Amino acid sequence: MPVQYPLHPHIVLLSNITQFSPMLYLTGFPGLETIEHWIFIFFFFMYLVAISGNCFILIIIKTNPRLHTPMYYLLSFLAFTDLGLSVSTLPTTMGIFWFKSHGIYFGACQIQMLCIHSFSFIESSVLLVMSFDRFVAICYPLRYSIIITGQRVVRAGLVVILRGPIATVPIVFLLKTFPYCGSRVLSHSFCLHQEVIHLACTDTTFNNLYGLILVMFTVVLDLVLIALSYGVILHTVARLASKEERLRAFQTCTSHLCAVLVFFVPMVGLSLIHRFGKHAPLAVHLFMANVYLFVPPMLNPIIYSIKTKEIRHAISKFLGLRKANTES
């Protein structure tokens with residue numbers, strides 16, 4: 001069940017006429033309306049870092065021929081996915097905190113839901129493919145250029161990009177066929193399937209089972225395979241002769257490992273809260289959902305800029321050229 005909290009008078013009015021209205025009502029942070037302008041600044045900063053950072057990563061890889069390798073193609077897919085995830089939540093979140101616009105048409109809610117869940121599944125898949133890339137690079141370094149080619153990475157990327165929407169479309173558009181009665185107030189500033197489905201006053205067993213199976217065979221399976229990849233990587237690294245070799249080999253995985261933790265830890269936390277923390281305070285639900293959607297797109301470009309030597313050099317070169325052009 002979605003978290004319940006006292007409703008404002010205009011929300012109660014909306015709840016009484018929901019059977020005649022195609023609108024849903026999104027919320028920000030109930031009880032914190034007096035400091036919403038500060039919340040807006042915080043979210044604006046996160047969006048600025050996420051969108052500009054991921055765009056910058058894409059530009060750096062596009063303009064630097066030395067980065068036209070399978071590893072950086074995968075990083076491009078990750079940056080594109082993070083960019084899509086940020087843009088998916090931008091209209092409603094900024095609309096609430098800047099324009100005080102809480103209403104959203106059901107069709108627009110479905111589109112946002114489709115984008116959020118699709119990009120989440122895509123990011124999970126991209127991280128899995130990246131773990132396979134690191135697995136081959138460390139465990140089979142002499143065969144890396146044969147196994148991991150640019151053409152294979154592009155094909156894998158297309159499969160990954162298509163997997164998310166194809167898997168998500170059925171349960172999202174099936175929501176349109178359900179009758180809804182009572183309150184149509186959602187707990188977040190964006191639409192999530194696990195919230196909207198609980199507003200339907202009919203049997204939603206298919207959607208619930210499909211959603212559970214979908215998560216098990218996408219996110220959970222991806223996480224298990226990533227863990228197995230790192231298990232083999234750790235075993236291989238432990239067999240290297242010197243401490244320096246072990247450290248150098250594992251350092252090639254640190255950026256990806258940080259991205260995995262940043263993405264999967266909040267996702268697992270949000271899932272646990274939704275299933276086992278129904279009586280937890282509303283603030284806990286809101287915090288986990290916002291961390292899950294906003295933190296990975298913001299942190300990933302920072303992680304790769306700091307941890308990846310080639311990206312740091314490319315950024316320094318890019319900024320140096322920009323500075324030289326400005327001075328001239």
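Backbone N, Cα and C define each Cβ position, glycine as well.
Some features that TrEMBL has for this protein:
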| type | residues | note |
| --- | --- | --- |
| DOMAIN | 53-304 | domain 'G-protein coupled receptors family 1 profile' |
| TRANSMEM | 38-61 | transmembrane segment |
| TRANSMEM | 73-99 | transmembrane segment |
| TRANSMEM | 111-132 | transmembrane segment |
| TRANSMEM | 153-175 | transmembrane segment |
| TRANSMEM | 209-233 | transmembrane segment |
| TRANSMEM | 254-276 | transmembrane segment |
| TRANSMEM | 282-303 | transmembrane segment |
Recorded stretches the transmembrane segment (282-303) and the transmembrane segment (38-61) touching, at least 3 CB pairs under 8 Å: yes
Proximity verdict for the transmembrane segment (209-233) and the transmembrane segment (38-61), three or more C-beta pairs under 8 Å: no
Residues from the same chain, set at least six apart from the ends of the transmembrane segment (73-99), whose C-beta lies under 8 A from its own: 26-28, 36-37, 39-40, 43-44, 47, 50-51, 54-55, 57-58, 61-62, 112, 115-116, 119-120, 122-123, 126-127, 129-130, 133, 150, 153-154, 157, 160-161, 189-191, 259, 293-294, 296-297, 300-301, 304, 311
